[in-house]
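Only one structure is covered here, and it is reproduced in the block below.
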Amino acid sequence: MEDQISSKNPDQADKPTNEKPPGVNRYALLCSIVASIVSIIFGYDTGVMSGAMVFIEEDLKTNEVQIEVLTGILNLCALFGSLLAGRTSDIIGRRYTIVLASILFMLGSVLMGWGPNYPVLLTGRCIAGLGVGFALMVAPVYSAEIATASHRGLLASLPHLCISIGILLGYLVNYFFSKLPMHIGWRLMLGIAAIPSLVLALGILKMPESPRWLILQGRLGEGKRILKLVSNSPEEAEIRFRDIKTAAGIDAECEDEVVKMENKKTHGEGVWKELIIRPTPAVRRVLLTALGIHFFQHATGIEAVLLYGPKIFKKAGITAKDKLFLVTIGVGIMKTTFIFTATFLLDKVGRRKLLLTSVGGMICALTMLGFGLTMAQNSGGKLVWALVLSIVSAYSFVAVFSVGLGPITWVYSSEVFPLKLRAQGASLGVAVNRVMNATVSMSFLSLSRAITTGGAFFMFAGVAVVAWNFFFFLMPETKGKSLEEIEALFQRDGDNKTKGENGAV
């Protein structure tokens, strides 16, 4: 295990030596964009379901509990998909795992687009959910593994930016397709996602495999050639190549084309034992921070606004369906705009500062949203100022979430795990993420009936306070460090140094 979490000379970082960092490698950027398209499809499914459920409820005569199950089942199935994805990507590679996610999305979308009855619709959601689990785990890991340290925040945040673009597209489709006959409109909303899924499954085959995965398999020649394509200079590629070989347990001086990994665990064997059963203190701290950030991403209530936006705004006083969908489009615009902003701030401001600022803003926005909805509901939707406060607070909540906690969750959890534990460690984080997403999406309507909609958001504000303290005390800064350097951040021997430099233990 010592070779997984080992300190290294700072001079060996894969970051540039010039004071002004070079621009992002265009080939690496293109690879990350293509890999992140799978996230657009997932985001679209989330956004379009917020509107489709309004028509499904009328067309299939479903009740509120069935709607909660329909929306939440995708995330429960994503839980199993994410747990399978880690080992799968270790065996077949990151690239073919993205292909598998695309095929599952396509099959699920076809079934949902057909949807003659509730059971078939639910089955389609389950299959799509498996694809979600694979996609959420593998896209950030692939992007992080091809990126240099100076631009890893940008590339690893692209999947979450693409989720937001997909959500916005879903909201727009809701608005325009709502004008079609009811029995056709919602089926088209859900079914057209099969088209980009097929395109992605074919397009990703043109992209290279993760060089870190190739080197871990002993395919040094292939890995080095790809590193030269995704690095800013031959010197940087060579430094990264040596660092990855060391992390994989291969002699840094080895220049063979292929190395036999007879005594190495290259397909994820024994990883669960090292992650959960007998983790080292360093791995235990990595696991705590990675699972913690995934837990709080959804425990603070973002899915309630994204998925149940029309129902929330209806509680605030908006009754017309077209106006509900228009206001919800505003949520998608805010989310996409601020995540796009975050992609440029992550490598400049840093993960830690941006995260603490984001969660602090969420506490304020959630408190105001709870107050606005409480006043609006108590007045029967007649207080205009309460309606305006609710809309502004919801938009503010989505904005501050999207500039920090939203994208940083995926960036941070994809970069903190050691190389040999990264895929399955990331899959465990996604599993926690999906459990919390499902918990919120399957209970929000029932929770709102029990303690009112405003009360639910007051509760989310309380959870955000706990989250802020968790991040403040437990999460070190990772900006500008190579993936191999980050491993040393969580070593007990380096705790004192880390505490002074990063403000967290």
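Positions of Cβ are set from backbone N, Cα and C atoms, glycine also.
The compositional bias 'Polar residues' annotation in TrEMBL covers 1-10.
For the domain 'Major facilitator superfamily (MFS) profile' (31-479), the model's pLDDT averages out at 87. The annotation domain 'Major facilitator superfamily (MFS) profile' is assigned in TrEMBL to 31-479.
Per TrEMBL, the feature region 'Disordered' maps to 1-21.
Outside the transmembrane segment (27-45) by six or more residues, the chain places 74, 94, 98, 101-102, 105, 109, 128, 131-132, 135-136, 138-139, 142-143, 146-148, 151, 155-156, 158-170, 173, 190, 193, 196-197, 200, 203-204, 206-208, 229-230 with a CB less than 8 A from a CB of the stretch. Annotation comment: TrEMBL describes 27-45 (among others) as transmembrane segment.
Annotated transmembrane segment per TrEMBL: 65-84 (among others), in sequence order.
Taken from TrEMBL, the feature transmembrane segment covers 96-114 (among others). Beyond the ends of the transmembrane segment (96-114), by six or more residues, the same chain brings 35, 38, 41-42, 45, 81, 85, 88-89, 120-121, 123-132, 134-135, 138-139, 142, 187-188, 190-194, 197-198, 200-201, 204-205 to within a C-beta distance below 8 angstroms of the stretch.
Feature annotation from TrEMBL assigns transmembrane segment to 120-142 (among others). Sequence-distant contacts of the transmembrane segment (120-142) (same chain, at least 6 residues past either end, Cβ-Cβ under 8 Å): 31-32, 35-36, 38-39, 41-42, 45, 56, 60, 69-70, 73-86, 88-89, 94-95, 97-98, 100-105, 107-114, 156, 159-160, 190, 197, 210, 410-411, 413-414, 422-423, 426-427, 430-431, 433-434.
Look at TrEMBL and you will find 154-178 (among others) tagged as transmembrane segment.
Residues annotated as transmembrane segment in TrEMBL: 184-205 (among others).
Here TrEMBL flags 324-346 (among others) as transmembrane segment.
Taken from TrEMBL, the feature transmembrane segment applies to 358-376 (among others).
Taken from TrEMBL, the feature transmembrane segment applies to 383-412 (among others).
Among the features that TrEMBL reports, transmembrane segment is placed at 450-474 (among others). A Cβ distance under 8 Å defines the sequence-distant neighbours of the transmembrane segment (450-474), meaning residues of its chain 6+ beyond its ends; these are 285, 288-289, 292-293, 296, 299-301, 304, 312, 315, 352, 355-356, 359-360, 362-363, 366-367, 369-377, 405, 444, 503-505.
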>> Contact between the transmembrane segment (324-346) and the transmembrane segment (184-205) is defined here as three or more C-beta pairs under 8 Å separated by at least 6 residues; is that satisfied?
In response: no
